[in-house]
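**Q** Take a look at the following structure, please.
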Amino acid sequence: METHMPLHREQSHAGPHELYFKKLSSKKKQVMEKNGNNRKLRVCVATCNRADYSKLAPIMFGIKTEPAFFELDVVVLGSHLIDDYGNTYRMIEQDDFDINTRLHTIVRGEDEAAMVESVGLALVKLPDVLNRLKPDIMIVHGDRFDALALATSAALMNIRILHIEGGEVSGTIDDSIRHAITKLAHYHVCCTRSAEQHLISMCEDHDRILLAGCPSYDKLLSAKNKDYMSIIRMWLGDDVKCKDYIVALQHPVTTDIKHSIKMFELTLDALISFNKRTLVLFPNIDAGSKEMVRVMRKKGIEHHPNFRAVKHVPFDQFIQLVAHAGCMIGNSSCGVREVGAFGTPVINLGTRQIGRETGENVLHVRDADTQDKILQALHLQFGKQYPCSKIYGDGNAVPRILKFLKSIDLQEPLQKKFCFPPVKENISQDIDHILETLSALAVDLGGTNLRVAIVSMKGEIVKKYTQFNPKTYEERISLILQMCVEAAAEAVKLNCRILGVGISTGGRVNPQEGVVLHSTKLIQEWNSVDLRTPLSDTLHLPVWVDNDGNCAAMAERKFGQGKGQENFVTLITGTGIGGGIIHQHELIHGSSFCAAELGHLVVSLDGPDCSCGSHGCIEAYASGMALQREAKKLHDEDLLLVEGMSVPKDEAVGALHLIQAAKLGNVKAQSILRTAGTALGLGVVNILHTMNPSLVILSGVLASHYIHIVRDVIRQQALSSVQDVDVVVSDLVDPALLGAASMVLDYTTRRIH
């Protein structure tokens, strides 16, 4: 891992943060009492290299300033103890920290096998150290293989782990190691809101995540060295001016070592051609570093008049060097992640840091495959000055971390609990993905009209298409395919990504096979029809099919008044009467897919004939067809029209004319509507006595005209134990379309009840 320096970030939600830290402070006394005898918290800080020490040192200084509460043990291992990498453990001694333990854990070789062997060696040596120290908390930083050994040892020995900088994304094997440490760690300190969201998405307990900012930024803000020119001259020569030199820091990419070595060679060639004084830091100890050093020596970098090659620069001096450089180049995380605090231009080469959050000062050269491409980037970036980036922290990370440490209750169970919160959608930075809306194609096969709509995940109908429903099977299938193809093409223009097709149709449906078994008389030639296959073959999308009543219930469950309800019933009052039953959050289909044919509940033994072949059904009284039948009878007897009402000769008499006449005082029309509403109410009473739902939703164009009569019938006819059921009118405009869409949106996003 490389030298890191954190960036500044304005905390846009200061209010909640202040409350959070007040809560931590108030918890401190309670925790001390629980932990018993107010003993000190024994904290072990393990540091592996120059990079993680720059992050851990501010925390170590903070712990040291509170000896009444903390006892600090420092363990040093990894490349700190290797001469080729600068013996950087001396920095720790110069900072006046007592090093409790030095562990030589690096197996030389600088290849993949050596990294694995180094992890193994650390795992062999660490148990003795941890048994001797017996820390309450071990603080581990970052994403190095050494840190993975530390976290593994502590986790297996039941030592609580505080992980610094989890949740970040960089794009190499470091990601896998970092996330593995996250799963082992019990507490997390992250630097950005994005990292916090990543940790939550990884099922970590939100109460054990602290958004603190980057610890080294606390030191960075106070590092105002006016005599920076003496530092620049010491490392780059007396003749170098501010903003007229380059800092280069490039590391191997362990997942593609061969390419990263070639890229380093091209970088050095470009820097030689660019002809500016350049400070080159040696790469870290990852596999491939030995080959990169050979490339440096092959090109004579250590003796070239324009180059200064160094193994290590003290952190305070490194800050001044990058802050006043004309440009920084390489693939170090300190370039893309932290140097933006100074507005220094950065050229990030390759994919090693491709997932990092960056400021506008960073120019990515992802395919650094030619010298010319890198040279062009140097010409574009060198000497520019960018605004200071405000992504990482506000300089108060250490006080927050200390409060967080004090809040840890050692009496709480050590076993981690994983949380499974809703995962924030990870939107690609590709503009098409940013603008796309996850959507469904919804098809409603009505008795009169055939409708197709593009429906968004939020239940918004983005666009709707309507045609008369053809009478024959061939014409109907052809029109459905044509309308769906046109809608799918239009969806692309509307930036809607279609996840699948949902079809709502009348009649009995086998949803498992996508087949209409038997349809209503309203839709002719529509029996034993496979709707799934032709649509899926044409559109190359998954297809779901269900009865229109069931779809209305699913629409209410996802978008309407049934949302969150465990048991409810939906009744559709339209051309016919349909319905759907939700029991324990699940739709009831029945053994032969005939459940919830609520329109054919019989409420009278001698009632009018029904389209199903029986008589006395709810549908025979309360459907749009039934009201139309009664309206025509009145009209034929000249008993329908009242003052203020007329029916044009070319207009068919229908249910709405009957409703209008009733509103204008037509007593016979009012009587018919009352009878229809009573029949519907009796059907609802039967449902209450059978299913005992907590909610009944009346849907369709006639629902608002029936609601009061239905409530009256329940009060008069239902058992007292079910009379308090809620009966409401649906507020969904297109329940059939929304229900068809909900099948797609629920199944394709794997909705779990």
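Note: Cβ is positioned from N, Cα and C throughout, glycine not excepted.
Sharing the feature lines straight out of TrEMBL:
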DOMAIN    69-406  domain 'UDP-N-acetylglucosamine 2-epimerase'
BINDING   Arg508, Thr520, Asp548, Glu597, His600, Glu619  N-acyl-D-mannosamine binding site
ACT_SITE  Asp548  active site
BINDING   His600, Cys610, Cys612, Cys617  Zn(2+) binding site
**Q** Within 10 angstroms of the C-beta of Cys610 (Zn(2+) binding site), what count of other C-beta atoms is obtained when all protein chains are considered?
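**A** Cys610 (Zn(2+) binding site): 22 neighbouring Cβ atoms within 10 Å.
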**Q** Residues other than His600, Cys610, Cys612, Cys617 within 8 Å, Cβ to Cβ centroid, of the Zn(2+) site?
**A** Gly599, Val602, Ser611, Gly613, Ser614, His615, Ile618, Glu619, Ala620
**Q** Say you check the Cα of His600 (N-acyl-D-mannosamine binding site) against those of the binding-site residues Cys610, Cys612, Cys617; which is nearest?
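**A** It is Cys617, whose Cα lies nearest.
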**Q** Can you give me the Cα-Cα distance between Cys612 (Zn(2+) binding site) and Glu597 (N-acyl-D-mannosamine binding site) in Å, rounded to a whole number?
**A** 11
**Q** For the C-alpha pair, I'd like the distance in angstrom between Cys610 (Zn(2+) binding site) and Asp548 (N-acyl-D-mannosamine binding site), rounded off.
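**A** Cα-Cα, rounded: 19 Å.
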**Q** When you tally the Cβ atoms that lie within 10 Å of each candidate's Cβ, which of the binding-site residues (Cys612, Cys617) has the highest tally?
**A** Cys617
**Q** Since the record lists Asp548, Glu597 as binding-site residues, which of them has the fewest other Cβ atoms within 10 Å of its Cβ?
**A** Glu597
